[in-house]
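Mind looking over this structure? Questions follow.
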Amino acid sequence: MIAVRNITKIYGDKKVVDSVDLDIPKGKIIAFIGSNGAGKSTLISMICRTLKKDDGEVYIDDKELKDWKSNELSKRLSILKQSNFLNIRLTVRELVSFGRFPYSKGRLNDEDIRHIDKALEYMGLKELQNRYLDELSGGQRQMAYIAMVIAQDTEYIFLDEPLNNLDMKHSVKIMKVLKRLVGELGKTIMVVIHDINFVSCYADYVVAMKDGKIIKQGDTCQIIQSGVLYDIYGMNIDVQNYCGKNICLYYS
Amino acid sequence: MNLKISNLLHRKLFWLIILIAASVYSLTLGVKDFSLLGLFTRNGEDIKLAIISRFPRLISILVTGASLSISGLIMQTITDNKFVSPSTAGTMEWSRFGVMIAIMFFGGEAKLFKMLIAFICSLFGTLIFMQILQTMKFKNAMIVPLVGMMLGNVISAITSFIAYRFDIIQNMSSWLQGNFSLVIKGRYELLYLGIPFLFIAYIYANKLTIAGMGESFSKSLGVNYKAIVLLGMVIVAVITSTVVVTVGSISFVGIIIPNIVSMMMGDNLRNSLPVTALFGALFLLICDMIGRVIIFPYEISISLIVSIVGSIMFLALLFRRKKKWSTS
């Protein structure tokens with residue numbers, strides 16, 4: 001269980017995240033939505049400790065962040081940030097193997113290798129496992145990063161805009177894998193997504209932010225409604241039910 | 001057939017054998033008549049020559065080659081830039097600055113002191129370089145080493161200026177160009193100081209690779225990014241300053257060798273670190289042999305040979321990488 005209390009981040013005199021309280025439900029895909037600059041990425045960066053918070057507390061399984069040992073926490077919680085292009089030349093398998101680092105410290109045992117193989121299979125990367133990352137397409141690379149996170153086998157997974165710059169095929173593939181991770185392995189996945197229709201089709205729970213505050217949260221069907229979306233984005237978004245899914249039309 | 005050759009080229013053992021063969025051969029190079037057999041038949045002259053001059057020279061070349069290329073590899077990993085090395089990040093210039101300070105205050109003899117001050121200066125200089133990198137918004141692959149070289153040139157200018165002022169420029173010039181012809185017993189042993197640090201680099205190879213993946217990956221995997229980057233810089237500063245103090249500065253080795261190894265086997269330091277050390281040693285040894293043979297019985301300074309061979313290889317690398325960038 002992740003609980004956030006009164007968390008704040010200040011840049012200059014602007015409160016980018018302003019005393020936010022949040023309880024994150026377990027075993028779900030939780031989507032963070034909102035306009036650019038609403039504070040989504042800043043909020044989840046602080047929760048997953050990649051960014052120092054200026055005030056407030058984050059409790060991971062009833063233990064405050066500062067009381068966690070970094071290595072122990074890396075077995076509970078993994079992070080994948082946006083714009084993660086790596087210059088470093090690693091093969092897909094080497095990258096995924098680094099996901100086991102918190103457990104193995106570099107000496108892979110049989111269990112580690114099993115996790116690595118499973119993660120590669122999960123993402124359908126078996127054939128590409130010996131290719132170098134810089135030889136892959138952006139979509140394949142993103143799949144490899146997610147395989148690494150799967151190999152890390154943490155209960156909580158933070159993904160900051162994992163669909164950024166991906167084509168539809170890879171986007172759908174990734175969202176389906178996330179859904180499977182939640183359904184089959186009981187993971188809790190927190191994800192920042194801009195495409196609201198992906199949120200509508202795949203997320204279980206939505207946290208909506210505006211000006212550094214959470215203005216709405218709830219099950220997906222409660223949030224994906226014209227009136228609520230107007231409050232979040234400040235624009236008229238038509239929501240149509242199509243084959244049992246709520247689809248947002250915001251193109252005109 | 002082609003496949004067979006490329007397989008062979010990827011074998012570490014193959015390269016190790018070549019290195020050993022080249023090492024043995026290099027022992028026989030020199031003005032004075034020397035026979036390897038003499039070592040076994042206990043010919044006094046031959047043994048003396050080997051111990052005083054030939055072995056020290058060989059060992060110092062091997063250690064220097066390995067040290068410089070590993071320094072380059074570590075720097076390229078932690079800065080995430082393929083063109084950073086002790087000679088393009090100002091580390092060597094800072095090290096020379098330290099040597100100058102040491103000569104000014106303690107005279108030319110106190111080697112360990114020189115080494116210590118050179119280490120402090122090069123670590124300080126590398127830290128400044130990293131600090132500048134962090135504040136840079138656009139980390140263009142070419143801009144980063146340019147900044148390092150500019151910084152290095154400024155320090156170099158300051159070093160020369162002060163050295164002129166205090167009339168120690170002659171003393172200093174021997175540190176400007178790397179040279180193995182002066183290496184004899186009793187003048188190179190400081191190089192050994194760097195060897196334990198090469199092993200430390202290997203022990204931390206995995207963490208250094210993770211640090212090379214960036215701060216957020218490191219955090220996610222529970223690796224203390226800042227501490228590992230600092231450790232990498234300390235290793236680089238120690239081995240660079242041992243080389244500068246004993247041999248002088250040699251450029252290009254730290255860039256070319258790690259890049260070639262990276263193309264062959266990627267950047268997972270666990271695999272590439274030993275090979276980088278081996279290739280670095282071999283490269284420098286071959287350059288040294290060329291320098292000793294071309295105008296025999298005289299010799300051409302190794303830094304000149306390295307610069308010529310190195311700059312050609314560097315250009316080749318540059319074009320290869322560019323081709324790859326434009327196609328990706």
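Every residue, even glycine, has its Cβ placed from backbone N, Cα and C.
These figures come from a predicted structure and were not determined experimentally.
Pulled these features from TrEMBL for this protein:
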- B:13-37: transmembrane segment (TRANSMEM)
- B:58-79: transmembrane segment (TRANSMEM)
- B:115-136: transmembrane segment (TRANSMEM)
- B:142-164: transmembrane segment (TRANSMEM)
- B:190-208: transmembrane segment (TRANSMEM)
- B:228-261: transmembrane segment (TRANSMEM)
- B:273-294: transmembrane segment (TRANSMEM)
- B:300-319: transmembrane segment (TRANSMEM)
Would you confirm whether the transmembrane segment (B:58-79) and the transmembrane segment (B:300-319) meet the contact rule of 3 or more C-beta pairs below 8 angstroms, pairs 6 or more apart in sequence?
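Contact absent: fewer than 3 Cβ pairs fall under 8 Å.
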Cβ pairs under 8 Å with the transmembrane segment (B:13-37): which stretch of B:142-164, B:190-208, B:228-261, B:273-294, B:300-319 has the most?
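Against the transmembrane segment (B:13-37), the leading stretch is B:273-294.
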List, by number or range, the same-chain residues at least 6 past the transmembrane segment (B:273-294) whose CB is under 8 A from its CB atoms?
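Sequence-remote neighbours of the transmembrane segment (B:273-294) are 12, 15-16, 18-19, 22-23, 25-26, 29-30, 57-58, 61-70, 73, 180, 198, 201-202, 205, 250, 253, 256-258, 260-261, 264-265, 300-302, 304-306, 309.
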Where among B:115-136, B:190-208, B:228-261, B:300-319 do we find the most Cβ pairs under 8 Å to the transmembrane segment (B:142-164)?
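Most Cβ pairs under 8 Å with the transmembrane segment (B:142-164) come from B:115-136.
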Near the transmembrane segment (B:115-136), which residues from the same chain, at least 6 beyond its ends, have a CB less than 8 A from one of its CBs?
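For the transmembrane segment (B:115-136), the list is 75, 78-79, 86, 89-99, 101-102, 143-144, 147-148, 151, 155, 190, 193, 229, 233-234, 236-238, 240-242, 244-245.
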How about long-range neighbours of the transmembrane segment (B:190-208): same chain, 6 or more residues beyond its ends, C-beta under 8 Å?
59-60, 63-64, 66-67, 70, 74, 77-78, 111-112, 115, 223, 228, 231-232, 235, 238-239, 242-243, 245-247, 269-270, 273-274, 277
